[in-house]
Structures are given as C-alpha cells and as structure tokens.
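Annotated features, as they stand in Swiss-Prot:
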- His42: active site, proton donor (ACT_SITE)
- 35-42, 152-155, Gly181, 189-192: ATP binding site (BINDING)
- Gln66: beta-alanine binding site (BINDING)
- Gln66, Gln158: (R)-pantoate binding site (BINDING)
Amino acid sequence: MITQQIPHATTISALRTRVRSWREDRLSVGFVPTMGALHDGHVSLVRLAKAQCDRVVASVFVNPKQFAPGEDLDAYPRTLIDDAEKLTDAKCDLIYLPTPEAMYPDGYSAGVTLKGPALGLESAIRPHFFDGVATVVTKLFNQVRPDMAFFGEKDYQQLLVIRQLVKDLDFPINVLAGETGRDRDGLALSSRNAYLDSDQRTRAGQLNLILKAFAAALSGGASTSDATATALAAASDAFDAVDYVEARCAATLAELGDGPIDRPVRVLAAVRLGSTRLIDNMAANPPA
C-alpha cells in the first residue's frame, strides 16, 4: 500500500471530505479515472487536468465489471507503488483507491447500459464491456463530482460513450480528451503492452503504419470500401488475428457508405498478437 505521505483516499467518505473542502474554497476539481499500470499517456492526462483545474483527483481501480469470464482481470498489471509515484510527480492532489467491495457491495444490482456510440466495434467483440465502463464511471462521477473529467483519445469509442453518458444522465461535467500517447515507433501506449514479448513488440508497431495509410487513403479521396479492404488485408498479414478495421463517423461512430468520405471520420482497429489485444485509431478528413 502507498504511504501516508502521498495524499490518498480509500473510502467514499474520505474522498468526499477532501473534495468538499476544496469546494468550500471555491476550487475547481478535475478527475482522471484509471485502472492503474500507469504510463506516460495517463500522466499526460493528469498534467492536462492540472492545467485546467485547481485540484485533480485520479482514481486507480481495476473494474471487474468490464471483464468477462476468461479475460485478463487476474493478470491485469497492478503496480500501485509505481503508479502513486507517477501521480505524485505529476502533481495529482488526491489518489482515490476504492476497493471492489466498496464499489460493488453484497446485494449490488444496478447497472448502466448505453446504445448509440456503444454499439458495434468493441461491443461486437466484448458485449459486456461498455456496460461495465458506464456503470463504474457513473459511480465514480457521483463519488468525485468533478467539474471536468479527462479521458484519452486512444480509447476513442469509450470517449464517445462517456460523452453520451454525461449528456444522457445530465452530469454537470465537461469531458475533455487527451491525445494518444505513443512510443517512438508510433505504437499507442497501453498498460497491456507489457504483455508483449520482444518479437511481438516489434510487430506491434505496424498497427500505426496501417492506420496512417488507411487515413491517408481516405483523405486522398479513395472510396471507403477500397481503403477499408486494403487496411484489413494489411492487418491480417501483420497480426495473429484481427477483430476489426473500420472507418466510422468521427462524431457518432455511425457506419459510413462505400464511397469517398464527406465528413470527418475515425479509422479504428483492434488486433491481436498472441493473447495480447491492441487497439488504436486516427482521424481522417475529407479531401479539401
């Protein structure tokens, strides 16, 4: 467990006491929810929050509700001491460490389900996932009650799901997005990258190149169907398995027609190397 010298709360009451004191001083509150195993992408979100808000809360909670049986809940990396040091270095004002028992006590029965941007893509592969995300984020928003919440663009579908959640449930929260953090070869930073062996790590960098080419083809006037087929073929050659490679409307994640794009879109992919799943996305704009 982290030391008392690092400001943290493990109970809802302790969290609310600290946040209430900030509110009494008329300080704005930013919130960065995480599942731990923090990397530079998470740290950049905390720094973005610090630039926008007077005080920042970051949570570390591996949410069991968004893992299906057989997924990597037990294997998911847990590096709390290192996480606390990174958050402290980034000037996070409070680390919130709820327990599964506190979040989902005996008899817990509520859940949140969304449609709209939650349909397809990740949901087609992991149908439980966004229900778990929406439920835990709703609880965390009610517990922290921030003015702003910060999410990374790497999980683009999740970002749009959270924005829809805030809109539909009337949360008075501004959701801000941080750019995707990347390694030198363009691989999107992810806690699950730690699962990759050296050969897989080398191969993983191809995802960035495939999506860049996909976005460039669409922006250059290629038809959506042709550009998608080319990107899908490249991903199928590069990776052990492909869950999806698609172009969707950037604002809603609605499916597109077969022709050239006429609006901002997002190209999104999920692939596998061994048992490790990689996701990424990029923006593409219609030809000028």
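A Cβ is built for glycine as well, from the same backbone N, Cα and C atoms used for every other residue.
The closest partner of Ser191 (ATP binding site) among the recorded positions, by CA position, is His42; the full candidate set was His42, Gln66, Gln158. Its Cβ placed at the centre, Gly41 (ATP binding site) has 20 other Cβ atoms within 10 Å. Of the listed binding-site residues, namely Met35, Leu38, the sparsest CB environment within 10 A is found at Met35.
Neighbour density for Glu153 (ATP binding site): within 10 A of its CB lie 19 other CB atoms from the protein chains shown.
Distance from the CA of Gln158 ((R)-pantoate binding site) to the CA of Gly41 (ATP binding site) is 16 Å.
In sequence order, Glu122, Phe130, Val133, Phe151 make up the list of same-chain residues 6 or more apart from Gln158 ((R)-pantoate binding site) whose Cβ falls under 8 Å from its Cβ.
Note: the CA-CA distance between Met35 (ATP binding site) and the residue listed as 'beta-alanine binding site' rounds to 11 Å.
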